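A.B. asks: What TrEMBL lists as repeat 'ANK' is 60-84, 140-164, 208-240, 242-263.
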Amino acid sequence: MEGLVESWVRTYESLEPYANDCPSSGSSVVHIAARHGLTKLLSCLLLDTGKVDIDAKDEYGRTPLSYAAENGHEAVVKILLDTGKAVVKMLLNTGKVNIDARDIYSQTPLLWATANRHEAVVKILLDTGKVDIDARDTEFGLTPLLRAAAGGHEAVVQILLDTGKVDVDARDEYGWTPLSGAAAGGHEAVVKMLLGNAGVQPTRTDRLGRTALFLASRMGHHNVVRVLLADGRTLPEAKDWRGSTPLFAAVRNGHAEVAELLLPAAGTAIEDQDGFGRTLIWWARRTGNSRVLQLLVQQAERTSSPIHDNAAPPETVSAPFISYSAWCDACTLSIPESCGYSCRICLGGGFCLCAECFDRGIGCLDPSHALPLRSSESAYDAFLRTASG
């Protein structure tokens, strides 16, 4: 039997289409069986002999359970419906598996299963009653719920919420909660699910003082903004560390539909200034967004609000919103590739500034940190990158 496995591995490694997914150095037979769903082999050769180290780690610090949780479990479960066992279940039934074993990426099997939307496996792991449901990775401090919410994995989010044991307001290194991640990602259904949980607080802020409403407004997710505004606990005029409200974030980034939703709550605040000493109309004129400017002028007329002298910027500077790019943690504008400053220490390494804010003398959260000029990654990018595994 072992000879057959070795032959299979050699054949597998020779296939070009699978070259990037070959077993790593240090992989044992049980790693291979678990990773690729070889359930009969796993059952006959490994579980019956009792001679295999079920928690053996390969060069990446990954156990068989880690691979089983990450790769193809839905397919495995489908294949094994007749037997009622999946690879993960068989491994767990040995009673010898460290269910929260971490690899070199600090990921547990539950984090892997969550990232890859494997609901059946998430259930199996949770049903053991032994898994740490709030286990965090050590890079960004993400829990399974944070990751699932940021990735928009509705089924997984529901499974985790149904346990009644998950920390629904857990924060990562950036201070984001599951609601923050779902709002920033534009996942309306997940936002609704979370708001339906009594433990979720929409007024929670991250380490820059930003609420879920602020993040959704900055990203232009008008459907999420509408849902959040319908929740009576939401504070539309809450300000972040630079004195900016969600409306400022929407106006700067040209999100007219979001601005229209937020304006009724603004009232006479249309004339207020942010931490840069600028008004909403100043920002709309500077970025040259005629639709947003029209909405603001109409609001000023309705509320008899004066338009300050500083509402005339020296020039119009195009600052297009780029949904996938890094963005400045001060002004919230998108940062062109390789043109930003970022701190590898603050906020889990995700703090970014645009060149203009840096030139204004704005720094990160610790003046002793250096911000080298390089391609930047924002909190949103970092969060969703890890959320997708």
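Glycine is treated like the rest: Cβ placed from N, Cα and C.
Where in this structure would I find these features, and how exposed are they?
C.D. replies: Secondary structure by DSSP for the repeat 'ANK' (140-164): 16 helix, 0 strand, 9 coil.
Same-chain residues lying 6 or more positions outside the repeat 'ANK' (208-240) and placing a CB less than 8 Å from one of its CB atoms are 175-177, 179-180, 182-188, 191-192, 195, 201-202, 246-247, 249-250, 253, 255, 257-258, 261-262, 265-266, 269, 321, 323, 327, 329, 332, 347, 380.
Per-residue pLDDT, averaged over the repeat 'ANK' (242-263), rounds to 96.
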A.B. asks: Would you mind splitting the repeat 'ANK' (208-240) into helix, strand and coil residue counts from DSSP?
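C.D. replies: Going through the repeat 'ANK' (208-240) residue by residue, I get 17 helix, 0 strand, 16 coil.
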